[in-house]
């Protein structure tokens, strides 16, 4: 059972209590924490759209601590990040692996960061399918298309050549915050506010 801290604020009408995530959302901070899956993606997309409707000129901050997860769920978040008007500041706290790293890199150029002890990992998409040979072939072709799309987007966001991205994502590729900065996944390593 997880406990979510509450924040109590004084207002002109008395006290108002919020869970900590709702309070931070008021400050345009979204937490992307845990496995990237459909339910989480729907919540993140809804928060992004809400914050855009509140003020399309103010940056939105996404704090990422994720081992990765579903490609389709992650692409729903990514496409929304690219679609909406506000700039997206991404910050890796803890880890940004697989789809988490992809979303970290997908923040607005110049506004992507990692904390000093954060870890980032990129790799090719994982797939597994059982069934008839013809269905396995269809799924294999689909995962190759997804791999090409992810590599193309990573090349765009990092400035690396597509050949380098293909080589570097062939296996799990772990990086420190400084290595992620040198690679182009983030723009800076934050040490102090």
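One is the number of the first residue shown, and numbering goes on along the chain from there.
Yeah, the Cβs are placed from backbone N, Cα and C, and that goes for glycine too.
In the structure as shown, the Cβ atom of residue 98 (active site, nucleophile) sits within 10 Å of 27 other Cβ atoms. Following the DSSP three-state reduction, the secondary structure of residue 98 (active site, nucleophile) is coil. The active site, nucleophile annotation in Swiss-Prot covers 98 and rests on sequence analysis.
Within 10 Å of the C-beta of residue 123 (active site) we count 17 further C-beta atoms, all protein chains included. Positions annotated as active site by Swiss-Prot, on the basis of sequence analysis: 123.
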C-alpha spacing of residue 123 (active site) relative to residue 98 (active site, nucleophile), in angstrom: 6
